Amino acid sequence: MSEKQALEDTKPNEDQSVWKADSDNHVKLEGGDAAKPSDVSSEGNGSEGLQATRLYHRRWVIVFLFSLYSLSNSYQWIQYSIISNIFTKFYSVDDFTIDWMSMIYMLTYIPFIFPVTWLLDKKGLRVIALVATALNCAGTWIKVASVRPNLFYVTFLGQFCCSFAQVFILGMPSRIASVWFGSEEVSTACSIGVFGNQLGIAIGFLVPPILVPNVDDMDELAHHIRIMFYITAGVATLLFVLVVFVFQERPKIPPTQAQATARSIPPEQYSYIASIRNLLRNKPFMLLVVTYGLNVGCFYAVGTLLNRMIIVHYPGEEVNAGRIGLTIVIAGMVGSLICGVWLDRTKTYKQTTLAVYLLSLVGMIVYAATLSLGHLWVVFITAGVLGFFMTGYLPLGFEFAVELTYPESEGTSSGLLNCSAQVFGIIFTICQGKIIDNYGTLAGNIFLCVFLLIGTIMTALIKSDLRRQNANLQAKAADSSEWHNGSLSASSVIIEAKL
């Protein structure tokens, strides 16, 4: 349906005081998103009228496609660490070197996030998606060529390419949600975007121990590793092709008044440096940056070192280590979706974030206390509880940041959050690894509990200034006032278009 047709379908009948939309066009009213064509102004007070808003079915295709290529990339983050003892044997390197196959994802993000968010603001979502999937695809094929014991540097190069691709992926869920989705579904959409990343990590925990058994024959081991890399490369190539032909920049008509307002800012009035400066001066947001980094950094450390922690207490349980990692992430995916739906319904951003943060601390304490009891089923349960809250926190941080920083770019705010997470992830992984080596797993996990406690206290100090919600509520109030004044000349609707 074209924009012109969409607006014509909203014209009132001459003999009716309430406009009704043709049900064949799936027209519906949604609170906070109701709008009218941009050339309609309020006759009662001379104020500028609201702009037309519209939801497209294609938004679901966009967010699910993003989730898939995010899945492909995040799977490779944990691909080496979850079977670190096998890769140390195959490439004849030490544990710390294999830990860097995970930490390179964190390290690469830090210097490149600012150029990438600048590129996002200048070129948009489609260019970012194309670069991300191209780099991810290239990295997987480099790994295919690295399956020889003397080619560790080649497999590291492939992992570096994939880690570079992650810079173009990790902060995008909130941007895609804002650009494509209505105000009553942005948190759910953001959760779906994060869901793909989490599902990839889950598959990364589960699949490598199954595809690459711990055998002593180097030729057989190389065969298993090569099969794993070929499967990964095939999936990454398919997703790159899909992005080329399917992924779109943004809908023609914005989905919300907040997004319409953001679009109306002239490019010459926008400064990336000024945007960064505004974010750094935003005290509630900067508190969130630190607390988000502490929480997600702890998750990165637990995921990277999980194999080492499990093998210490349960020797020969590489497959179950992967299954425990899977349990952590699957529980977190459920937590993410529940939190996303909850935020869309309640808009209680600070309260929900604080509650989930506190429960992440409790989950970490319980996990630390039970890891060495000698019962794997207990570890599965406690790890699941930890994952439900710690991984479920990810979309909460993204959406809370967008609320605190509107109308600044979602990609920039998410980028700063993730940059903090990468910094703390590297610090926590290195420090916890050294503590485990010298003092045991309990001391290493208590180390993380201390920082989660600090993050919980800091989260309680964040002032809840929901700027995006206020923008949508003001638009709704203005629209309601125009209805009461009889000055509306076109129906306020969102059109669910058939594409």
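Placed from the backbone N, Cα and C atoms, the Cβ positions cover glycine too.
Positions annotated as compositional bias 'Basic and acidic residues' by TrEMBL: 1-14 (among others).
Positions annotated as region 'Disordered' by TrEMBL: 1-48.
Residues or ranges marked as compositional bias 'Basic and acidic residues' in TrEMBL: 21-33 (among others).
For 39-48, the entry in TrEMBL reads compositional bias 'Polar residues'.
Sequence annotations record features per position, and here TrEMBL assigns transmembrane segment to 60-78 (among others). For the transmembrane segment (60-78), the residues of the chain that approach it from at least six positions outside its boundaries are 102, 105, 129, 132-133, 136, 139-140, 159, 162-163, 165-166, 169, 172-173, 176-177, 180-181, 189, 192-193, 195-201, 203-205, 207, 232, 235-236, 239-240, 242-243, 246-248, 303-304, 325, judged by C-beta separation under 8 angstroms.
According to TrEMBL, the domain 'Major facilitator superfamily (MFS) profile' annotation covers 62-467. Predicted-model confidence for the domain 'Major facilitator superfamily (MFS) profile' (62-467) is 88, expressed as mean pLDDT.
Outside the transmembrane segment (98-120) by six or more residues, the chain places 77-81, 84, 87-88, 127-128, 155-156, 159-160, 162-164, 166-168, 170-171, 175, 272, 276, 300, 303-305, 409, 411-412, 415-416, 418-419, 421-423, 425-426, 429-430, 433 with a CB less than 8 A from a CB of the stretch. Residues or ranges marked as transmembrane segment by TrEMBL: 98-120 (among others).
The transmembrane segment annotation in TrEMBL covers 127-145 (among others). Counting only same-chain residues 6+ beyond the ends of the transmembrane segment (127-145), those with a CB under 8 A from a CB of the stretch are 66, 69, 72-73, 76, 116, 119-120, 151, 154-155, 157-162, 164-166, 168-169, 172, 226, 229-230, 232-233, 236-237, 239-240, 243-244, 247.
According to TrEMBL, the transmembrane segment annotation covers 151-174 (among others). With a cut-off of 8 Å between Cβ atoms, the residues of this chain six or more beyond the transmembrane segment (151-174) that come close are 66, 69-70, 73-74, 76-77, 80, 91, 93, 97, 100-101, 104-105, 107-109, 112-113, 116-117, 125, 128-129, 131-136, 138-143, 145, 186, 189-194, 197, 395, 398-399, 401-402, 410-411, 413-415, 417-418.
Residues or ranges marked as transmembrane segment in TrEMBL: 186-207 (among others).
Annotated transmembrane segment per TrEMBL: 227-247 (among others), in sequence order.
Marked as transmembrane segment by TrEMBL: 285-303 (among others).
Annotated transmembrane segment per TrEMBL: 323-342 (among others), in sequence order. Here the transmembrane segment (323-342) has Cβ contacts under 8 Å with residues 78, 82, 187-192, 194-195, 198-199, 201-206, 302-303, 306, 310, 348, 352, 356, 376, 379-380, 383-396, 399 of the same chain, all six or more residues outside its ends.
With a cut-off of 8 Å between Cβ atoms, the residues of this chain six or more beyond the transmembrane segment (354-370) that come close are 291, 295, 298, 335, 339, 378-379, 382-383, 385-390, 392-393, 396, 441-442, 445-446, 448-449, 452-453, 455-456, 459-460. According to TrEMBL, the feature transmembrane segment maps to 354-370 (among others).
Per TrEMBL, transmembrane segment is recorded for 376-396 (among others).
For the transmembrane segment (416-436), same-chain residues at least 6 beyond its ends with a Cβ under 8 Å from one of its own Cβ atoms are 95-96, 99, 102-103, 105-107, 109-110, 113, 170-171, 279, 288-290, 292-294, 296-301, 304-305, 308-309, 312, 397-398, 401, 443-445, 447-448, 451. Residues or ranges marked as transmembrane segment by TrEMBL: 416-436 (among others).
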Ranking 227-247, 285-303, 442-462 by the number of C-beta pairs under 8 Å to the transmembrane segment (376-396), which range is first? 285-303
